[in-house]
There are 2 protein chains.
Amino acid sequence: MSSTCIDTLSAEGRREFYNSFDTVLTDCDGVLWLLNNTLPGATEVMNGFKADNKKVFFVTNNSTKSHVQFLEKFHSLGFQASANEVVSTSFLAAKYVKANLDPAKRVYVIGSPAIACELDALNVKHFGVGEDYLKTSVPTFVENIKLEPDVGAVLVGFDEHFSYPKLFRAASYLKDPSVLFVATNTDESFPVAGTNLIMPGTGSLVCAVKTCAGRDPFVVGKPSSYICNVLMESNKIDPSRTIMIGDRCNTDILLGKRCGFKTLLVLTGVNTQKNIEEWSKSDDPKLQELVPDFYAQGINSLKATFPVPL
Amino acid sequence: MSSTCIDTLSAEGRREFYNSFDTVLTDCDGVLWLLNNTLPGATEVMNGFKADNKKVFFVTNNSTKSHVQFLEKFHSLGFQASANEVVSTSFLAAKYVKANLDPAKRVYVIGSPAIACELDALNVKHFGVGEDYLKTSVPTFVENIKLEPDVGAVLVGFDEHFSYPKLFRAASYLKDPSVLFVATNTDESFPVAGTNLIMPGTGSLVCAVKTCAGRDPFVVGKPSSYICNVLMESNKIDPSRTIMIGDRCNTDILLGKRCGFKTLLVLTGVNTQKNIEEWSKSDDPKLQELVPDFYAQGINSLKATFPVPL
């Protein structure tokens, strides 16, 4: 299978593309912004879709902000967004835990204050957020560690204070097979634009916990279709009239494929045109599945598909 | 394939077993000791082998002690052991890095002071050992991080101070494909005897680095046959007359199988009789490969195989 470049479509092709969907799901980091810098055209295009009465949902695997904090970020950067249009994994994970956890039990969290905030909002008891570094030697730590008796779930998201003691506690709680194991997302890493830096993602923390716990988590973020079931439950979405826009094929594009959406990769983030060219030629169905229907240099390319210039 | 229990062998079977090898390779944690407590019979059996002129090598994936520190531990617990009989992964990893690294380059180490000590002994320049916790926010960290210019290898071993900044640095250095990626071992976790605790092993740290770096390391420890090549180079070992004793099938037993040794699992550590019964019945060749030739309740069981009672 091959991928169609939006930037080189004919006028007819651009019209056809634009009219082929009435719901837009978009990733945020790498599509709409990099850190706090909006990418060119992002606000015009997304606000333009809404002005044209297309449904818009912002779907992010980022677990470092609460639902409310994301909404604030959208507004401060000039995006029109309402609460039910923002789907983030701190919110989704809390929702999943609330629905599946015995209310008498608590959650051990490896994650950010945003996750704590979302759990609080749903009255789910939790602990673990914040620093937990080794103050003594490992043998002394092992001798003195006390596991909490009422833990019913371990939830792993992005945690800048990830540490050996946290890993130890998570693995030990997860020894009990009745304890739920939930992860916000499994994004491996992010390039830091304009540098040689690689920023480890939640996926690398989740892998560490998986390895020592010997168990796989339930993942709420993309490409898990849980995120879509949540959307479909509460909003009328016709998959055949929906497009998923993203910068990472193994989350955004794969989610779109699994849910029967059209898929569009923008080249302002993780994956490159070279990636999709290689995967297109591959015989491996798992790599073929990562090839988007469309690709574009950036979200800005979509401007030219609007029937009335933005 | 099935596994023979040493504890129920006939007198003839015990004699045949004992005479079938003249070199003994043994794992340490979970076979000879648990933390600092010698397991029953361990010293008598190992010293007994030496008294009977069998060659003995202590082969451990543990990277938290230097060669010299291991030797001290053996002596303090009553094991007869000389320097060339002890093979540990901090030592092996330093040896591998020394042989493969441009001498003008340095090693970024996620690991223990023991690894630093072994690298120092071989005059390999390194940095990274010790605490490296996040003091600011991730964005501030990312803005201010400076990568060292002369890094030629990233070495990952057991590190009680494992942290997000360490993961970040490792992934960033490994972005350059010419930078070597070496791991001491990939043991996932260890049960803590008599508790519900699970102690994460180096394998879980290595998995975190692998995931964000998008690369696989060269592993020097068991089951990598590198450890055996090192032994075979410097010592005359006949694989068909060698037995490997261990408590973990995916390292000790697998190494033995790969090298053509006989294999013996002791049930005082990681794997259980139930594990080998399940794997014996499996159709999966990867699980079949984990089934040891022999198993025993503990190293103590070997006492009964000696021709003259110990």
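Positions of Cβ are set from backbone N, Cα and C atoms, glycine also.
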Going by TrEMBL, B:Asp27, B:Asp29 bind Mg(2+); tell me which of B:Asp247, B:Asp283, B:Asp284 is listed for that site too. B:Asp247
Between the C-alpha atoms of B:Lys222 (substrate binding site) and B:Asp27 (active site, proton donor), the distance in angstrom, to the nearest integer, is 10
Mind giving me a neighbour count for B:Lys222 (substrate binding site)? Other Cβ atoms within 10 Å of its Cβ, every protein chain shown. 31
Determine which residues of this chain, when B:Asp27, B:Asp29, B:Asp247 are set aside, have a Cβ within 8 Å of the centroid of the Mg(2+) site's Cβ atoms, and list them as they appear in the sequence. B:Cys28, B:Gly30, B:Val31, B:Leu32, B:Thr60, B:Gly246, B:Arg248, B:Asp252, B:Val266, B:Gly269, B:Val270
Long-range neighbours only, meaning 6 or more apart in sequence with Cβ under 8 Å: which ones does B:Asp247 (Mg(2+) binding site) have? B:Asp27, B:Asp29, B:Gly30, B:Val31, B:Leu265, B:Val266, B:Leu267, B:Thr268, B:Gly269, B:Val270, B:Asn271
Quick one: what's DSSP say for B:Asp27 (active site, proton donor), helix, strand or coil? coil
Counting other CB atoms within 10 Å of each candidate's CB, the least crowded of the active-site residues B:Asp27, B:Asp29 is B:Asp29
